[in-house]
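Colleague: First the structure, which I've put down as structure tokens, then a few questions once you've had a look.
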Amino acid sequence: MNYYKTHTCNELRKNDVEKEVTLSGWMYRKRDHGNLIFVDLRDFYGITQLVFNNDKDFFCKISDLKPESVITVTGIVKARTEDTINISISTGEIEVTVNNLQIESEVEFHHNEETAKEERSILASIADDQEYPENMRFKYRFLDLRREKVRNNIVLRSQIIAELRKFMIEQGFLEIQTPILTASSPEGARDYLVPSRLNPGKFYALPQAPQIFKQLLMISGFDKYFQIAPCFRDEDARADRSPGEFYQLDLEMSFVTQEDVFQVIESTLYKVFAKFSRKSVDKGFSRITYKEAMLKYGSDKPDLRNPLLISDVTEIFRDSEFNIFKSNIERGMVVRAIPAPKTAEEPRSFFDKKIEHTQKEFGAKGLGYITFNKDGTAKGPIAKFLDDNRLNHIREATNIKPGDSVFFASDKENEAATIAGKVRTLLGSELGLIDNNIFKFCWVVDFPYFVYDDKSKKIDFFHNPFSMPHGGLKDLEEKNPLDILAYQYDLVCNGIELSSGAIRNNKLDIMYKAFATAGYNKEEVNKKFGALVRAFRFGVPPHGGIAPGIDRIVMLLADAPNIREITCFPMNQQGEDVLMDAPSKVDNKHLRELSLKVVE
């Protein structure tokens, strides 16, 4: 028998009346009625109401005890009267009359009055379920986690990870841990470096992903690998990205095609989303090429809940009387159109605000609009420069109806696509077109293998350098590098990228040629990826994988506004752990041991 409890605070029911029980937990709420004090005792599992009578010698103790103190009580279960039943809690038909009280740990406020005031405020937020500034919540995260909503997110996270692990094992995957201290990798973000005491002047790197290790596992003969992998990238925070570290369901398989990877992920994620969400889950995982995604949605992370589709109307404006767009087109730019249903009768301020917002927030230029009124006429700053034939072509291209409007964005192709995508998202949200009660997945496939970097003035890898190009070595030798596609794919849900993956290159000559195209010679490749190069000389199976982000999956299923809400001990947006005061300075002795010196 447990010394501290016979039951949890969510366990007692009406059929337990007159039983003697022992409960332990935190004093959640206290109500003093003079001769009686009612206490809501809370543990991890729930709440039970306690009744303290003033004829007990510990009555004064409970009267003076501060909320969130930890107590153990023994008492008799009693049925509540009909008018005092609390249907909002599962133990609401009973209460426990306390015969014995033991104070396990009493709340003590800091001696500094300013700090004590802060502590009282955060304690009050637990009882009242108030929101407090994020930094205060994170500084007192051990208190913040006592709030039901916050705790439930962490419980949900644990349950989702357990379910993912179960599905992987059921499909024959082996869970294998790969090293945390490793070498720096070219994943695209900055590494977190760890100085080596035993090797002065040398550094480990925390893994941005287990990319090379999981490929080495396939070369080693393992067939299906997975792990709940911690990944570390020195990146700025966003709503869907934590600074520093994140977790992913990392997996890799041998002798597979792209379709085999899709089948595993679609089956797994559909089951997880269907189990843990009240929203409907679209069973169809759409396939969209990268080129199509950028054209129709203005993003490689398309939100398919938004029905608006972007159209290319460059040819309609070519040689038109609207000189701004005409001039842009002559200089190699494009024009994209974004429909705005049922907005033709909106005042001019509606359109001006959208354009002003897009210019201010996204640095957009070359914006305009046309309204197509119900009587068939077209109005707006651009309409007067277009003849009826061009206006009809715009109607057809954008599939709009009388009473709709169209926004336009003109710029270089990539910039115009991005701005059009931002406008599409803005309109979808403000016009109430997005269904918030559904999860819609899509695969974005056929990414470019290479991209031209305007800053470095050179060709570089668009995504993962270890993926297989379409057409293999032949395309690398014969095609324009910017026309080569890769067997790379992203999984997107409701406009959030859940995962990236690829079918890997398994041939050494293709690896060397791909890196040569991006400006790396053999010596550089051998030095940077020595382990992989050595392994590639000893039989490499065709293999591929993917790594869905755990944090983003949980964020979506918890309907949380950002990743910090589903992380147990998160950093703030400045990459600071205000609870543990990290990052922090270290003393000179420690620095000397690591052969380091801080340069101010």
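Including glycine, each Cβ sits where the backbone N, Cα and C put it.
Note that the coordinates shown come from a computational prediction; the quantities given were computed from them, not determined experimentally.
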Colleague: ARG233, ASP234, GLU235, GLY549, ILE550, ASP551, ARG552 bind ATP in Swiss-Prot, but which of GLU292, GLU497, GLU593, GLU600 does that record place at the same site?
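Modeller: Record source Swiss-Prot; matching candidate: GLU497.
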Colleague: Out of 211-214, 331-334, 391-394, which range is noted as region 'Aspartate' by Swiss-Prot?
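Modeller: Here Swiss-Prot associates region 'Aspartate' with the stretch 211-214.
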Colleague: According to DSSP, how is the region 'Aspartate' (211-214) divided among helix, strand and coil residues?
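Modeller: Its residues divide into 4 helix, 0 strand, 0 coil.
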Colleague: How many Å separate the Cα atoms of ASP551 (ATP binding site) and ARG233 (L-aspartate binding site)?
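Modeller: Their Cα atoms are separated by 14 Å.
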Colleague: DSSP on ASP234 (ATP binding site), three-state: which is it?
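Modeller: DSSP call for ASP234 (ATP binding site): strand.
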Colleague: Are there any residues in the same chain, six or more apart in sequence, whose C-beta is under 8 angstroms from the C-beta of ILE550 (ATP binding site), and if so which?
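Modeller: Counting only residues 6 or more apart in sequence, the Cβ neighbours of ILE550 (ATP binding site) under 8 Å are ARG157, ILE160, ILE161, LEU164, ILE228, PHE246, TYR247, GLN248, LEU249.
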Colleague: Considering the binding-site residues ASP234, GLU235, GLU497, ASP551, which residue's Cβ sits among the greatest number of other Cβ atoms within 10 Å?
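Modeller: Top count of Cβ atoms within 10 Å goes to ASP551.
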Colleague: Pick the one among the recorded positions HIS33, ARG233, HIS463, ARG504, ARG552 whose Cβ has the fewest other Cβ atoms within 10 Å in this structure.
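Modeller: Across HIS33, ARG233, HIS463, ARG504, ARG552, these recorded positions, the one with fewest Cβ atoms within 10 Å is HIS33.
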Colleague: Which of the three DSSP states, helix, strand or coil, fits HIS33 (site 'Important for tRNA non-discrimination')?
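Modeller: DSSP assigns HIS33 (site 'Important for tRNA non-discrimination') to coil.
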